[in-house]
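Here the structure is laid out as structure tokens; the discussion comes afterwards.
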């Protein structure tokens, strides 16, 4: 497929020349019942839809997208040839670009013209779709990796032993054995219920906000010349917004995971008892212990994770598009690559900010049976951790964290990217 169309080819698809086409495209919302054609223009519109260029493209769409495309084409054509008594602005939505090769290239060509921009509708349903996709991705990925998350929290909270430089996995194996002896397989899923309640809105807000910030910063899947910094900035802001919303649930989750199951509490009872205990001891501010540390850690993590994934994805799509001589938007990344890019970006971000996460987690879990120590704040926690355990203590739990993060983020991106496809999102 050529990278751009000639003027003759575009003219064969569009019912007018460039300037007239662009001058008549404005943002508006108008139901089909408001389209009023003269008999002659109604025939002309139908002829264009049945013409060889558009008919071939429409035949490649499913029924729903075909109906939507025909509706929007009639809307656009109506603006070019309106009834004298019905002068309105028209709308050309982003759905026109959906997997229709000729029209996709037409729009890309028009958007790059120096004398004006082509305005595309921002469909609100698409915005909701990103949040839904993010929520589903979070639930699936976090449930699959719940045992590793439990191990990570237990290791971070344990201040009684120093990591062994000779046998870095010895502590991990010991903790696994301790958890198994406590309550069998159930011990590895303690806190998973609240984990899901936490991760669903967190992942939903993170991905939804990320897509929104990309649009604000002018980043789209078809833009090739934007600075990579924008992707990292959008990712960092998205993660910070999500962190602010779910931080109280995050604190409660960590405290539950550090609870002693020997008291016979399970399910709702353990959630309610921990919530009441925390509120009685320090009030509502107890739920926000370490929130600034959390945001300081989340911004670089989310920026690295989302920004790196976006960069790897865009780079590889460009390579495949050049190799196969196709438009980049026609390239579909294999699921294996999506998971590999997700695992790499997530692991990189997690390693960079892990010391901050250790401090944050200890501030959140202080005073529990698994972590009885208490701190006066971030600096005090940092000082006591490095004094008692050395700087290696700041990376305590990194091994199970990476074992959890790599598959978790890989699964998350896999589900998210496929959900976007299923919902017809870019």
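Backbone N, Cα and C define each Cβ position, glycine as well.
Of all ranges given (130-151, 152-173, 262-283), Swiss-Prot attaches the label transmembrane segment to 130-151. Among the residue ranges 103-123, 229-249, the one that Swiss-Prot annotates as transmembrane segment is 229-249. In Swiss-Prot, the transmembrane segment annotation falls on 336-356 of the listed ranges 315-335, 336-356. The transmembrane segment (130-151) makes no contact with the transmembrane segment (290-310), as judged by fewer than three Cβ pairs under 8 Å among residues 6 or more apart in sequence. In this model, the repeat 'Solcar 3' (334-422) carries an average pLDDT of 86. Counting only same-chain residues 6+ beyond the ends of the transmembrane segment (290-310), those with a CB under 8 A from a CB of the stretch are 206, 210, 228, 231-240, 242-244, 247, 250-251, 341-342, 344-346, 348-350, 352-353, 356-357, 359-361, 363-364, 378, 409, 413.
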